[in-house]
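K.L.:
One structure, as structure tokens, below. Some questions next.
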Amino acid sequence: MVLTTSARGGGGDRAPSRRQGCGLAPAGAAALLAGASCLCYGRSLQGEFVHDDVWAIVNNPDVRPGAPLRWSIFTNDFWGKGMAENTSHKSYRPLCVLTFKLNIFLTGMNPFYFHAVNVILHCLVTLVLMYTCDKTVFKNRGLAFVTALLFAVHPIHTEAVAGIVGRADVLACLLFLLAFLSYNRSLDQGCVGESFPSTVSPFFLLFSLFLGTCAMLVKETGITVFGVCLVYDLFSLSNKEDKSSNGALCPCSPQQPGSPQPSSLPGHPHRENGKQQRFPHKGAWGGCHSPLPPEPKSSGFPVSPRAVWSMMRYLRASSNRNFLLTMRPFLKRAILVLSYVLVILYFRLWIMGGSMPLFSEQDNPASFSPYILTRFLTYSYLLAFNVWLLLAPVTLCYDWQVGSIPLVETIWDMRNLATILLAVVMALLSLHCLAAFKRLEHKEVLVGLLFLVFPFIPASNLFFRVGFVVAERVLYMPSMGYCILFVHGLSKLCTWLNRCGATTLIVSTVLLLLLFSWKTVKQNEIWLSRESLFRLYPRHASALNNLGTLIRDTAEAKMYYQKALQLHPQHNRALFNLGNLLKSQEKKEEAITLLKDSIKYGPEFADAYSSLASLLAEQERFKEAEEIYQAGIKNCPDSSDLHNNYGVFLVDTGLPEKAVAHYQQAIKLSPSHHVAMVNLGRLYRSLGENSMAEEWYKRALQVAHKAEILSPLGALYYNTGRYEEALQIYQEAAALQPSQRELRLALAQVLAVMGQTKEAEKMTNHIVSEETGCLECYRLLSAIYSKQENHDKALDVIEKALQLKPKDPKVISELFFTKGNQLREQNLLDKAFESYRVAVQLNPDQAQAWMNMGGIQHIKGKYVSARAYYERALQLVPDSKLLKENLAKLDRLEKRLQEVREKDQT
């Protein structure tokens, strides 16, 4: 587009603009992009918490409602586990977790607002991408708009935007772009001379470091922005430009001090109407050096000779100069950035506890292959597969795990052709950039490659094992590079084609954008619920297994587990789930077989060992259960849950001292394992070490303030006569779980013991009104009424309890014993005796009932039978002083009677 002198301007010529418009105002372009994004993802606002959302938000102790804002957010992983724990996935994303917490603080657990934030963030990323492309990539604003539009509607982003946990990718991408722009802004964009651009704004340079760190704290891939900035600086920002009055680029020969400039060049080539005008970092680096040897003419290919020649001519031109002096500005920035990256990487390793995450073969089968060739070929093919998802997102899946993409085990596998094709294309694009080394052109290819490659490096298995085969949401950032390269390619094709061909290409592009939009809308419908998500890919064993866990109908769940095993017979989690299902159906032998197979194909799956061992223990096959636990601890030495479960087994089999060591090991492996702490407290309580028990209960409360921890602590205080403390603890527990009957009942019991019988009665009757079958409520009411000396009401509630017909004979015995006590208080001794008699028939070990029967006979003067009942009770409680006193009294009475009889006879 050629500009003429403005009718209103002065006599001087204007420098023509390098940027071509798209016929659309920036505000209009932004509105269209935001509208396209909202139309594509508006359906996701109706979605639920699905897939990883459940673990990252609903079940995350750092996020869920009621959880206080604690420092643990900065020490735990994305899922709420301590970063140093062996079971942690080591995904450190505290800033993303804070956004979840803010969502809950403002709008509660309503998924609508979680999805709304994701859609808004996607709109912002799209707009910032257009701005970035407009300022640093394309000369034509229209190309920047098309790039952002393609990004806005691309179906590969569905998981990142419609899945709430994908916020980590979206927000990290936004911070990535802002850090890149800030780095760009920190440099002298109007630099000319014999050096790299200087840093004109240290603030923006430091701000880019801050934004990049924030991106890393949202998601790990955010750290790659520093690599992008440095390479972009080296290859592109160091270019200089010198423009003539007509806007053409011209090499500037070195000027001697004081030598006049040619009259054809204006004194200030970058001024327009007397105002300083900044230009992006364009221009030939040759403009800062003496004239270079002429480059051989070429039609564009082959690229490799051009790249080599370009490098050689640059080095030859610079051979007589102080190269380090020339690069000093860039080297300063590079040293600063690289030093900072080393610091934050050290922090990242430190917060991880110096250990990498542990994954199973099911998560990433290729990384567990013993053959280097298989790993190399599979990893290489997965790169091509990811690129194919960007090019043709036809088949998308929420979880590409084992079985979804078979391993590439031989060089004769036809899929290697895709790998070779990708390698050739990437090599040509890279050489294309080198061919333009230190020259104005081909910045689109450079930026496209940087945005495509660098953010994907952490997911490539190149430096460490990742926990997935393919994850669509990790392509959110790399897709920016794909969109830039795609649109740049289209623009080049349009210049090579005739008018008809270019029109056809434009129409095809519009149709592609519409097709992508339709696909994105349909894909959003799949992410509305867990069930629709798991039904997405019926040939996926993991999806079928997950669907089985979701279905409540056991027959249908069993069918899905079996289908998963048909597709992948060695799917250890499907074997485990099917085994547990059969276990619940009392098909124990089949369950044992399946659980053994689950261990066979997943020897590091700790849950399978625990489930199998507990099943064997239920069948009293203690030796086999012991062997399973031992094998599990050997194969999964870092499993805290396994050590905890083994401790429970040892307590049940009468080895509490040995159990202590395993509880402590579980806590050592997982310092926040409050279940093991509570179990250890209960163990010490059973051993009579109340102070140790109290200490472990309190330590568990420091980790997690939960009702299930407060309850045993309250019981400890109650049973040791510390009723005030018990009352406070049970009130806290009831406040946390007001609907839990057992806690309210325990609280009423404490109130009754403390003499607050009216409040205890009211609370217990309220529970009975909610659940008329509450046996313990009737027993407590009986004790309350007895304390109030209202024996008629006490008898009435005991009769109601007996009408419930409990199955346990000991419980019925207790009820008849209580009934006998109430009848005895009313001096109905014969009825009381009958109740006691029924009680001992149901439970012959009821010593108190035997003693009370003896007492009644004692009162009635039936000393022989009274002695028999007393002696039976004494056999059960030989240390009872009361029984011995009663027997002594009986002896004295009998002796006195004997003396009376002998006196009468004389």
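Even glycines carry a Cβ here, placed using N, Cα and C.
Taken from TrEMBL, the feature compositional bias 'Low complexity' covers 249-267. Here TrEMBL flags 354-426 as domain 'DUF1736'. For 1-20, 248-277, the entry in TrEMBL reads region 'Disordered'. Look at TrEMBL and you will find 572-605, 606-639, 640-673, 707-740, 775-808, 813-846, 847-880 tagged as repeat 'TPR'. The transmembrane segment annotation in TrEMBL covers 112-130, 142-158, 195-218, 330-351, 372-396, 416-437, 449-468, 500-518.
Map the listed features onto the structure and describe their local environment.
P.N.:
Across the residues of the domain 'DUF1736' (354-426), the predicted structure has a mean pLDDT of 86.
A Cβ distance under 8 Å defines the sequence-distant neighbours of the repeat 'TPR' (606-639), meaning residues of its chain 6+ beyond its ends; these are 86-87, 358, 572, 575-576, 579-580, 583, 588, 591-592, 595-596, 598-599, 645-646, 649, 652-653, 669.
Within its own chain, the repeat 'TPR' (640-673) is flanked in space by residues 81-82, 84-87, 606-607, 609-610, 613-614, 617, 622, 625-626, 629, 632-633, 679-680, 683, 686-687, 703-704, which lie at least six positions past its ends and keep a Cβ under 8 Å from the stretch.
According to DSSP, the secondary structure content of the repeat 'TPR' (775-808) in residues is 26 helix, 0 strand, 8 coil.
Nonlocal intrachain contacts for the repeat 'TPR' (813-846), taken as residues 6+ away from its ends with a CB within less than 8 angstroms of a stretch CB, comprise 779, 782, 786, 791, 794-795, 798-799, 801-802, 806, 852-853, 856-857, 859-860, 876.
DSSP places the residues of the repeat 'TPR' (847-880) in helix, strand and coil in these numbers: 28 helix, 0 strand, 6 coil.
Tertiary proximity for the transmembrane segment (142-158) is limited to same-chain residues at least six positions away from its ends with a CB under 8 Å from its CB atoms, namely 20-24, 29, 32-33, 36-37, 40-41, 122-123, 125-127, 129-131, 133-134, 389-390, 393, 396, 472, 475-476, 479-480, 483-484, 486-488, 490-491, 509, 513, 516-517, 519-520, 523-524, 526-527.
Counting residues 6+ beyond its ends, the transmembrane segment (330-351) has Cβ neighbours under 8 Å at 75, 83, 92, 196, 199, 205, 209, 213, 216, 220, 223, 226, 229-230, 233-234, 238, 324 in the same chain.
Distant neighbours of the transmembrane segment (372-396): 154-156, 158-159, 366, 405, 407-411, 413, 415-416, 418-419, 421-423, 456, 460-462, 469-470, 472, 475, 478-479, 482, 516, 519, 523, 536-537; these residues of the same chain sit at least 6 beyond its ends, with a Cβ under 8 Å from one of its Cβ atoms.
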K.L.:
What else in the chain is close to the repeat 'TPR' (775-808), if you only count residues 6 or more beyond its ends and a Cβ gap under 8 Å?
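P.N.:
That would be 745, 748-749, 752, 757, 760-761, 764-765, 767-768, 814-816, 818-819, 821-823, 825-826.
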K.L.:
Is the transmembrane segment (195-218) packed against any residues at least 6 beyond its ends, judged by a Cβ distance under 8 Å, and which are they?
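P.N.:
Distant Cβ neighbours of the transmembrane segment (195-218) are 92-96, 168, 171-172, 175-176, 178-180, 182-183, 185-189, 225-226, 229, 233, 237-238, 240, 281, 288, 325-330, 332-333, 336-337, 340, 344, 348.
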K.L.:
What is the number of residues in the repeat 'TPR' (813-846) that are helix, strand and coil, as DSSP sees it?
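P.N.:
Helix/strand/coil tally for the repeat 'TPR' (813-846): 27 helix, 0 strand, 7 coil.
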K.L.:
Below 8 angstroms Cβ to Cβ, which residues of this chain, lying six or more residues outside the repeat 'TPR' (707-740), approach it?
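P.N.:
Distant contacts of the repeat 'TPR' (707-740): 66, 674, 677-678, 681-682, 685, 690, 693-694, 697-698, 700-701, 746-747, 749-751, 753-754.
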